């Protein structure tokens, strides 16, 4: 059974109450079970906000404090440095008054908003306050200013999340970044300037095509061919850097255990779940983490009207370190919005995310804590590696395993070695909590919020490194389900590309070649080239079958030879890279799947076409990936 403080209103009470003397409250946090005094946190989720308005909301640009002067924000030693006065909330909510009386309080989920469900959801009635302990008088926090790209500093205003009901929290989590820094948010798919450029470019191409159709087609094919070649060279360079060892952090078991329980930071673990009937398995995986229970702040983030997950949750008896947070039913209904709500009032100095099917290595939190404690203060995030526990299920899962293997063994270490931005994975990334608050956390309107956050960290001068620690996931074994998931990733990459190409984008902040190459050839190039693959295949097949002089005329010698090199050498290299990946993974059984990779590229093409269509017609729609298709949970 779920302890009483986890229940939805109207559900049955646990006969014995919560275990361990800890009273987690949905939307709040739990008291420590330990006799040690909890760390001085100040008011829950106190925010410090600043926006510089230069007349055009689209020109507001948030840059971390001190970045202009050459010193990164939050620079200091240790995990969190001096956290006093540095936790920031989602900017842009000037209408929410701070509530100093809320110090020391946590809030149970309640809804006063008109669209909140009144039964069967966990949101009913009004907010009610639970007093977990006496209030502590604290000195006023210094303001944490945010600097715009025009180097204008506006004093920040404190805002307390403790004063908000569930609906207001959802609104803050959903719209804070978009309202205070529109150029950093995907709420608008394109800026006005981007729309003008796109329309003008399309008009020019159409006008030239009317005058010189053959020359226009030849020029477009030549441009695409050049982009293919550039992307191939860049990916080969990443593999080369990865094969040289890249930059991967390795923390031994002895080092991971060298920190005593008292030295370990409080760790917030965010678990966004949606329609997950197998939540019991998830809870069991989390309970295997080797970390002090009184230093864990595990937050299950559940949509208030998600009957499937709530029903499964009521059967469980959760440990004291678990807090259940009900997410008010507000748009966008995405994973990053849920994570933003969960981050409010969280206790941790460090924050990580796991998905519902994840099986993290038990020592992963200790390894990440040790790595961040000893890392340069500029390192804001450490990305653990991902793999699959059911990769032998069918050909698709084998392709997926090779995909992830190349990503984490070669591509991410290669990006880090080249100082290019690293698009984070959606799980097992470990953050300094202070930095998350400072930069506005996740963009709820971007369906690959992880990749966007990785680029934003790079853009603001922070670093991301890769940790040698594996989280096992479920490889997608169904083709339709795989396309649903991959099309969301591709759509999010396109959103991220458009966001970071806006005025004040990377060229204004980090206008170096590595940034541009990573953004254009890796983030943008991945979905764009996947979408263009089908066109190239059809063109090649049409010429092979017809020997058409018209098609031959589109490929003058210069374009033809570059295209042949890209097609023959490029495809061969990609297959070779997959074979290398199988060898690096110690999986010779994956070699035959690597040879059959062109079949995987066809699925990528379908996913890319779907992503492009959804970007236009439904940009922030989050397509849920169905879990539990692994034929009884095979282990490897």
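Any Cβ shown, glycine's included, is placed from N, Cα and C.
Check TrEMBL against the ranges 70-98, 157-185 and you find region 'Disordered' recorded for 70-98. Among 196-214, 220-240, 558-579, 591-613, 591-613 has the largest number of CB pairs under 8 A with the transmembrane segment (519-546). Long-range Cβ contacts of the transmembrane segment (558-579) within its own chain (Cβ-Cβ under 8 Å, at least 6 residues beyond either end) map to 218, 221-222, 225-226, 228-229, 232, 235-236, 239, 402, 406, 410, 536, 540, 590-591, 593-595, 597-598.
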